[in-house]
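Q: Please see the structure below; I have some questions.
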Amino acid sequence: MSKIVPTKPPLDTLCTLIPPLSAKFYKGQLGRVGVIGGSEEYTGAPYFSAISALKLGADLAHVICQPTAAIVIKSYSPVHPYMRRSEKNPDLSADEIINNVEELFPRLHVLVVGPGLSRDLMMLNCAQGIIQKAKEKMMPIIIDADGLFLVQNNPNVIKDYPKAILTPNLNEFKRLCETMNVSSENNSLEEMTQQLSKAFGGVIIVNKGKTDFISNGNVVFFVDNEGGLKRCGGQGDVLTGLIATFLDWGLAYQNKIWQHDNKISPDDIIMLASFAGCVITRECSRIAFGKLGRSVQTSDIISEIAYSFNNFLEGKCTQRPSI
């Protein structure tokens, strides 16, 4: 087997995916994100994911969460308090919850599953059913946090679905490799990332670490931009929101809501969105850490999204698309 050579996509290709801003567009064309998560203990995670999508440029973000989490989140974004915990004597069955969420799908382009979901059996069963319904609609799905716990214990929930992205950290990556029988012996991280993607049937793996490796089982991208040195909780949630918005833009690109040469294939868009999300997350973290050092929090990182996006990507695009 020939050695894998990780690479980076050209900047001009990434620029092609950034939609122009125009008075001709209507609300929702440039991104409608749904975040499945948010439990009694974890309200910040789905907030971070949804607000990051909005800060990058998505038009709308909907959070589907537990009622107690909805009270905290609803002041900034549409919230749907459908999720229930099994030990709380839910007034809705799992099937009713799944059907309620499915009714929202016409209002969404991309689904994020996992931030603050918890490992409650009812929440996990509902998430599994929602993922299945989203697959039937061919929706892009990003899975993180407790959503990865679900996949670790039931790989078939996402196996062979090429529009899925898994975003594990080091420990989550190790557990997924164990589940899918991907060995670390004599394998580099980039090789393991590629093998894990293949084991999942082409699901995109975003292996977060000192260097991020991204693979669809064939190509391997790497992201080694400098990030911040503070590992505060919530940065993975920021990443899911950023990837979701880039995926939204990719769908708008496929639908040709602006003029372009159509040179990017649908299969490449998911890899490009994952790469761009990783880069902007690192840029935000680096800038926020440079200002605040040890005291930096995820909210500070989110505040740098607009500047980081323009500084690294949009501001460097010499050719802007037309309408």
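Glycine too: its Cβ is placed from the backbone N, Cα and C atoms.
So TrEMBL lists the following for this protein:
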{"type": "DOMAIN", "residues": "10-312", "note": "domain 'YjeF C-terminal'"}
{"type": "BINDING", "residues": "GLY116, ASN169, LEU170, ASN171, GLU172, PHE173, LYS174, ARG175, ASP237", "note": "(6S)-NADPHX binding site"}
{"type": "BINDING", "residues": "208-212, 227-236", "note": "ATP binding site"}
Q: Find, for the listed binding-site residues LYS210, LYS230, the residue with the lowest Cβ contact count at a 10 Å cut-off, counting only other Cβ atoms.
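A: Each of the binding-site residues LYS210, LYS230 was scored; lowest Cβ tally within 10 Å is LYS210.
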Q: If you average pLDDT over the domain 'YjeF C-terminal' (10-312), what do you get?
A: 94
Q: Counting every protein chain present, what is the number of Cβ atoms, excluding its own, within 10 Å of the Cβ of GLY116 ((6S)-NADPHX binding site)?
A: 28
Q: Whole-number Å only: compute the distance from the Cα of GLY116 ((6S)-NADPHX binding site) to the Cα of LYS210 (ATP binding site).
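A: A Cα-Cα distance of 24 Å.
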Q: If you count other Cβ atoms within 10 Å of each one's Cβ, which of the binding-site residues LEU170, CYS232 has the most?
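A: When each Cβ's neighbours within 10 Å are tallied, CYS232 tops the list.
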Q: Near ASP212 (ATP binding site), how many other Cβ atoms are within 10 Å of its Cβ?
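A: ASP212 (ATP binding site) is surrounded by 25 other Cβ atoms within 10 Å.
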Q: Restricting the comparison to the binding-site residues LEU170, GLU172, LYS174, ASP237, which residue's C-alpha is spatially nearest the C-alpha of LYS210 (ATP binding site)?
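A: Looking at Cα distances from LYS210 (ATP binding site), the smallest one goes to LEU170.
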Q: Please find which two of GLY116, ASN169, LEU170, ASN171, GLU172, PHE173, LYS174, ARG175, ASP237 have the most distant C-alpha atoms, given that the record lists them as binding (6S)-NADPHX, and give only that distance in angstrom, rounded to a whole number.
A: 21
Q: Looking only at GLU172, ASP237, which of these binding-site residues has the biggest number of Cβ atoms within 10 Å around its Cβ?
A: ASP237
Q: Starting from LEU170 ((6S)-NADPHX binding site), work out which of the binding-site residues listed here (LYS208, LYS230, GLY234) have their Cα within 10 Å, and give them in sequence order.
A: LYS208
Q: Using a 10 angstroms cut-off on Cβ to Cβ distances, just flag whichever of GLY228, GLY234 is the loneliest among these binding-site residues.
A: GLY234
Q: Among the binding-site residues LYS174, LYS208, which residue has the fewest other Cβ atoms within 10 Å of its own Cβ?
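A: Least crowded of the binding-site residues LYS174, LYS208, by Cβ count within 10 Å, is LYS174.
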Q: Just the number: how many Å between the Cα atoms of GLY236 (ATP binding site) and LYS174 ((6S)-NADPHX binding site)?
A: 17
Q: Find the shortest Cα-Cα separation between LYS174 ((6S)-NADPHX binding site) and the binding-site residues GLY228, LYS230, GLY234, and name the residue that gives it.
A: GLY234
Q: To the nearest whole angstrom, what is the C-alpha distance linking GLY234 (ATP binding site) and GLU172 ((6S)-NADPHX binding site)?
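A: If we compare the Cα positions of GLY234 (ATP binding site) and GLU172 ((6S)-NADPHX binding site), the gap is 15 Å.
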